[in-house]
Amino acid sequence: MADEAQAPPAEGAPPAEGEAPPPAEGAEGAVEGGEAAPPAEPAEPIKHSYTLFYFNVKALAEPLRYLFAYGNQEYEDVRVTRDEWPALKPTMPMGQMPVLEVDGKRVHQSISMARFLAKTVGLCGATPWEDLQIDIVVDTINDFRLKIAVVSYEPEDEIKEKKLVTLNAEVIPFYLEKLEQTVKDNDGHLALGKLTWADVYFAGITDYMNYMVKRDLLEPYPALRGVVDAVNALEPIKAWIEKRPVTEV
């Protein structure tokens, strides 16, 4: 008796027990003969060209330099002199610095640049909510810096003296007490209970704030001091601090 013809399995039906499923059409790694092709080599990470433009001071650019150091990222640290600045100013996006050039494209806004670099070195949050926690702290630190700067750069001595009273008696204690408690609530960090770019930003900007008020702001705040000390002790940042140009600001 002739063998009974067997109907082909319906489209999409599972293979019979012990039968290997055929590779999907166009499936990666499928080759004639059923042998899998070796996995593709991982793509080389894209390397970008970075140039940072600022004056020969720490100030607003130092958090960016800290982030470059943390990520062992090569960049050109262009330190513009006061004499060079008038000719260079019209070439900058908003006629100010710091400016970061990425693959030939110039961008401004130091906080935005720091956030961008933090993403490239793995110091951001894992979710939008975590990123929000970091952003809140960084924006608070920047608000504090701006309140100090308004007083520090006041040109009228009499007005400046009055502003200093409020700054020292109210503004500085308010912000630093809040930030001190934030660190205590986050296991020695400014956000998420771990190292993030909020810690690095704060450590990088502290010298500038101390310069503006002409004293060590963190002396009465051991938790905040601990954040700065821990960041400055990280090997790549420690190496940067040891080799960076010595500047007043």
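These residue numbers are counts, starting from 1, taken along the chain as shown.
Glycine is no exception: its Cβ is also placed from the backbone N, Cα and C atoms.
Pulled from Swiss-Prot:
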type	residues	note
BINDING	TYR54, TRP85, LYS89, GLN96, MET97, GLN109, SER110	glutathione binding site
COMPBIAS	1-38	compositional bias 'Low complexity'
DOMAIN	48-125	domain 'GST N-terminal'
DOMAIN	127-249	domain 'GST C-terminal'
REGION	1-42	region 'Disordered'
Let me know the largest Cα to Cα distance in Å among the glutathione-binding residues TYR54, TRP85, LYS89, GLN96, MET97, GLN109, SER110, as an integer.
18
Based on DSSP, name the secondary structure state of GLN96 (glutathione binding site): helix, strand or coil.
coil
Around GLN109 (glutathione binding site), how many other CB atoms lie within 10 A of its CB?
15
Cβ neighbour count within 10 Å of TRP85 (glutathione binding site):
14
Translate the DSSP assignment of TYR54 (glutathione binding site) into the three-state scheme.
strand
By a simple count, how many Cβ atoms lie within 10 Å of the Cβ of GLN96 (glutathione binding site), its own Cβ left out?
12
Just to confirm my parser: what is the rounded mean pLDDT across the domain 'GST C-terminal' (127-249)?
98
Only counting partners 6 or more residues apart, tell me which same-chain residues put their Cβ under 8 Å from the Cβ of TYR54 (glutathione binding site).
LEU60, ALA61, VAL78, ARG79, VAL80, MET97, PRO98, VAL99
